[in-house]
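Undergrad: Let me give you the structure first, and then I'll get to my questions.
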Amino acid sequence: MNAHSSPIVVFDLDGTLAETAGDLIGTLNVILAREGHAPLPLEQARDLLGAGARALIQRGFTVAGASLTPERLEALFHDFLDYYGDHLTDDSYLFPGVVAALDRLEAAGLRLAVCTNKVESHAVALLDALGIGGRFRTIVGKDTFAFSKPDPRHITATIERAGGDPMRAVMVGDSKADVAAAKAAGIPVVGVTFGYTPVPMRELAPDWVIEHFDALPEAVDALLARESVKPAA
Ligand SMILES: O=C(O)COP(=O)(O)O
Ligand SMILES: [Mg+2]
C-alpha cells in the first residue's frame, strides 16, 4: 500500500451519477429507424444499457429481431457516437442528491473518480455539461485502456490513475458489470436501485444497496471501516 495514496470512491456514470437513458435510447432509436426498424420503448430498452454503445446497438437490434454483421455493427457504432455526441444532454440529468453527496465525500477527504463503459470523450463532455466534471481526479472510459468492466482491471487502473489507495476504495454502480468488476477486484461495491439492470440490484448482491444519494456517505464510511479491519493481503 502506498502510504501517500488516498481513500477513493469510484463511480459508474450511466444509471449511477446520471439518468442518461433518454439520450442513449433516443440515439439507438435514430439508428434503428435509419435501418428501417421500429423504435424501442424507453422503459423496455433502458435495461440494455451498461456495457457500452457497441453492446447497446447489438442488444437493440436483437430485441428488434434484426441481425448485424460485425462490419455493419462497427459502422453503426460510429454513427451512434457521432449522433450521441451532439445530444449528450438533451434529456440527461444528475440523479437527485448527487452534488450534495459529492460535497460530503470530498469534505471527508475522499478522492473521486469515474469508471464508465461510455467512451472517455463523451464521459468527460457529459460530466462537464452536467457541472461536475471537475470533481473527479480522473474520468476513465471504455476506450481508455485495453479492458473494461466487468474486467476488474478497469476499476483498479482507474484507482491507480487517480492516485487512490486500492485498499481503501469503494465502487458505486448500477449494473451487473459494476458489481462483478468490483467483486473480482476485491473492492466493496455500493449498488444503486435507480439505474439500469434487468435483474433487481439486490439480487446482484452488492455489499451495500442505496435507493438515494443521501445514503451514500454513510455507506462509504461503513465499507471503508470494514476494509480497515481486514487482514492485509
Ligand atoms: O452506457 C453504457 O452502456 C455504459 O455506461 P456506464 O458504464 O457508465 O454505465
Ligand atoms: Mg451504469
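Glycine residues also receive a Cβ, built from the backbone N, Cα and C atoms like all the rest.
So TrEMBL lists the following for this protein:
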- D12: active site, nucleophile (ACT_SITE)
- D12, D14, D174: Mg(2+) binding site (BINDING)
Undergrad: Including all protein chains displayed, how many Cβ atoms other than that of D174 (Mg(2+) binding site) lie within 10 Å of its Cβ?
TA: 26
Undergrad: Do you know which of the recorded positions D12, D14 has the most other C-beta atoms within 10 angstroms of its C-beta?
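TA: Checking each of D12, D14, the winner is D12.
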Undergrad: How big is the gap, in Å, between the Cα of D12 (active site, nucleophile) and that of D174 (Mg(2+) binding site), rounded to a whole number?
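TA: Spelling it out, the Cα of D12 (active site, nucleophile) and the Cα of D174 (Mg(2+) binding site) are 7 Å apart.
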